[in-house]
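Notes to accompany the following structure.
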Amino acid sequence: MNTGKPYYYPYPSPIRNNVLIVIDENVYDWKNPKIILLLFGSVRCRGYLLESRNPLLLGTYEFTLKVENILCTVGNFQNASQKNYTSNHKFSATCWNTSRTFSNQTYAFYDACPEAGHCFSQYRIDDKHTDCTYGQDEKRMLPQEEELCAPLRKHRFRCLAQHLTCMSIRDISLEQASCLNKCDTIMDERTLDIFKLDRRKNELDHRVKSTAYDATEYALMWTCRLNFNHYCDSFWDLKMGLDEQENVCQAWSCLPKQYRCKTGQCIDLSWVCDSEWDCSDASDEEGLLLNDNWSNHNSQLVGLEERKLLCMSLYSEKPSFTGICDTKKEYPCYRASVSDPLDIATNRPCINLTQIGDGIIDCYGALDEKNTIRGCNDDMLGFSFKVEETSCFEYVQVCDSKYQLNQIHPDPVMCLNIHNQSRCSENNDVVCRNGTCVKSGRCDNKKDCYPHGEDEYWCYRRFQISTGSYYRDLKRANRKNNMDPFNILSYPFASMKTRKTNHSLARKWNVTEQVSVLYAYTCNRGMSVITSLRNESSTILSCLCPPAYYGNRCQYFSDRITVVVHLESITLPPVYANDTILVLVTFRFLDVQNTVLDHQIFYVNPVLEQMYYIKHRFYLLYSRSTKYLDHKRQRYWNRTNIIEQHPYSVHFVLYSLVTGNESVPVELGLFHYPIYFDFLPAFRLTAILKFPFWYGNSSLDPCANAFCPLNSICKPIMNHDSPSFYCSCESGFTGKNCTQFKDECISYCAMGSICKSGHRGLTQLVDHPLCICSYGRFGPRCNLRNSACHSNPCGFNGTCHLTHDRTGKTPFKCSCTKAFFGEYCEHEKIAVRIEIRGQEIAQVQASIIQFYDFIFPRMDLSIQHQKVARGLPSIVRYDHDRTVVPEMGILKIYDKTWNVQYFVLYVQTNASTINLVTTPKHCPFTAISIPPMGKPFTR
């Protein structure tokens, strides 16, 4: 009902009960909600509890995500709060830095921002996400004597040996660079693809790991593997512009529609004669006038002659220093390395156009080298001004009084004509050399100062202070949109047949019945379900909650353990190598009954584990009964009890199921993991289960001399420091000494199963026993048979393996013989056969044959397979399980001095087979252009 008054939802907030969500029904719009957020209560800070006297207006939702940290930093927010240093709810002032873990290890903590209100791990320092209020953890201000991220190094991305970042794999794809060498943003075009294609994810994961072991700046620079299209494109993407060096770009090939600079760089034709240098030698602007004959590439461009006429019009009579410089051959500028650059009578303000971009500073302020030397932000200089190597100022700062940071500013040459008289005080006013004031005459593309036109000197007309755009920023931002697709030419030039893949059409469902949009907002999590009552017109709305939530609207978090586990199948004893391993996971509370709170079951097939690395993920829930909630509350205030007592634990009990046999499962042993932080609402347990070296050795078997009571059998505990054992009750028996028998087990579980009373757990709300099924059976009582493999779906070319997928989406997987592949082993592997004729290639010590795929639009080369051979092989064969062959074959040979040469064997896209005789085509520039990671510069 609309009352016209604000109301609170939920009240109190179940997740953050110190934040109130206020909604006004009169103005509330479900599509554009207007929500007021108030803080009313307290905030835990380091060393004290911050208590609010009155409700504090927080503002937007985004602000509340960091409100606790901000409030603790500010201390007394809006003069409406006070600090309570005696409260037991405060965080530790030292973030428990003096404590140790249960394994006697120090916590991974570094106090990056002592003023912050919360504690966070040292692995979150320099991880591209700000945790400190003022961002100190991400400003590279922390000491680097020891690498804080070292324990996680193989899982975190490091930019440089001097820049020890701790970024996760997901953060590499963000647009804003955090690395000094921009390694984390070089892969920006792959943002949408990294986690869709396993091949690219594995490749990216390899790059992350490679930064952990080779910390040299050179190696990490190549590990980044710059976008193929960004080499020689006139923009600096690598440090010091290494991707734009002339000795590399001279071997580069431009696209048909691009203009090729004399330096070899490739730019858009529309950038030629647009009053902005894009070629580092200005061969697209003033330098274009020196061209009498076009290069073979540029002669094919349509419209280039018109661009040259435009250049002649722009530069035939340049406003600055008219009458002094010959603009057809010279570039006007104050001279560098002279005693008085302003004495233009002695120091003629002209240089030859061929001196532009030659690496030697001839113009004052390095105007002639603005595209070749480093500027303020490790990018090209542009119109920035370097006073000395350590002092650099952006274009807008040089002559602005606000930025006169030292005695050199304003610069006596660059700022001679700007704002040096009170009568010429506006931004665009200028005082000429003869003392004349020209109002609004600065950089207006008109010569107002006679005779030399100094009012038009050192003008960057593309700079816009309102938008903050700087040197060539707009072109850099648009280069991705202007990227043309590559046309890959085949080699050898014989046509080849391609295989077409048929794609099944997805069935489309149309929802005709309209449901109120309000239902989508009713459940905090989970799914809304509408139930119509029989013989009544009314309906009931319910919420189906995921395991992590509960409540009538799924508004409460469940206290839970998140488990991520992998069984290392290679450690299995040989006798069980072909068996399916059933793992019963029980979450237990240590009391008289050793109560099971929750359970999960998963299966491990050693054959499938060799094909896929499988991690099993699931929740185990705490009981929310009064007994267990009271116990957790009591433990929360008893630190000694938390350190010394660990009543919760997770057990992994392993059973062997003989493949193809419905015999009774054989219990192998268990792994025991105590839960040290059971007072937390959520905890993550990760484990790799490995059989110990002594398993199966009778002389080391802990059960050899052990005694277990009647109705039980001794089994080993496999992850204790020393061999130990437990007594496992036989099927149907339960209790501390296995003395109680559950009568229901006589008939409840199917024949060949194991009946475990009390193993379902309190959270399951089911009192029936748990049945451990034999191979091929499933269901709560093991009465159902898994017939997924009975029809022999893998045929004669593979073996069918049950996956025990609960969703039923993938009930089985096929392990194929070497000659076949596919979901059902229905495809025969296609061979790549290449006969090499290379008699003229002499003195070959060793050869590497590599097969690559192209990754568009970046034109990366992704290696798919490689072989190493002594000498030069005459025939190369590669049997693969793809529908098309790798798109490029490369031959890399080493001579007696171990110099390397590269040859192209073939280039074929969408080819189903390769069977050819070829003479390898030598790549003369690739030997110096391919870096260690195999990324070529040439096209």
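Every residue gets a Cβ built from N, Cα and C, even glycine.
A TrEMBL annotation is a machine prediction, not a hand-curated record.
Here's what TrEMBL has on this protein:
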DISULFID  CYS254-CYS266  disulfide bond
DISULFID  CYS261-CYS279  disulfide bond
DISULFID  CYS729-CYS738  disulfide bond
DISULFID  CYS745-CYS755  disulfide bond
DISULFID  CYS773-CYS782  disulfide bond
DISULFID  CYS816-CYS825  disulfide bond
DOMAIN    699-739  domain 'EGF-like'
DOMAIN    741-783  domain 'EGF-like'
DOMAIN    785-826  domain 'EGF-like'
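Neighbour counts were taken at the CB atom with a 10 A radius for the disulfide-bonded residues CYS729, CYS773, CYS782; the maximum falls on CYS773. Around CYS254 (disulfide bond), the C-beta neighbours below 8 angstroms that are at least 6 residues distant in the chain are ARG260, CYS266, HIS297.
A straight line from the CA of CYS261 (disulfide bond) to the CA of CYS825 (disulfide bond) spans 53 Å.
Taking the C-alpha atom of CYS729 (disulfide bond) as reference, the shortest distance to any of the disulfide-bonded residues CYS279, CYS755, CYS782, CYS825 belongs to CYS755. Put plainly, the disulfide-bonded residues CYS266, CYS745, CYS755 were compared by Cβ crowding within 10 Å, and the winner is CYS755.
Per-residue confidence over the domain 'EGF-like' (785-826) averages 90 (mean pLDDT, predicted model). It is 9 Å from the Cα atom of CYS773 (disulfide bond) to that of CYS755 (disulfide bond). Using a 10 Å Cβ-Cβ cutoff, CYS279 (disulfide bond) registers 25 neighbours. Listed disulfide-bonded residues near CYS816 (disulfide bond): none (candidates CYS738, CYS745, CYS755, CYS782; Cα-Cα distance within 10 Å). Nearest Cα neighbour of CYS782 (disulfide bond) among the listed disulfide-bonded residues (CYS279, CYS738, CYS745, CYS825): CYS745.
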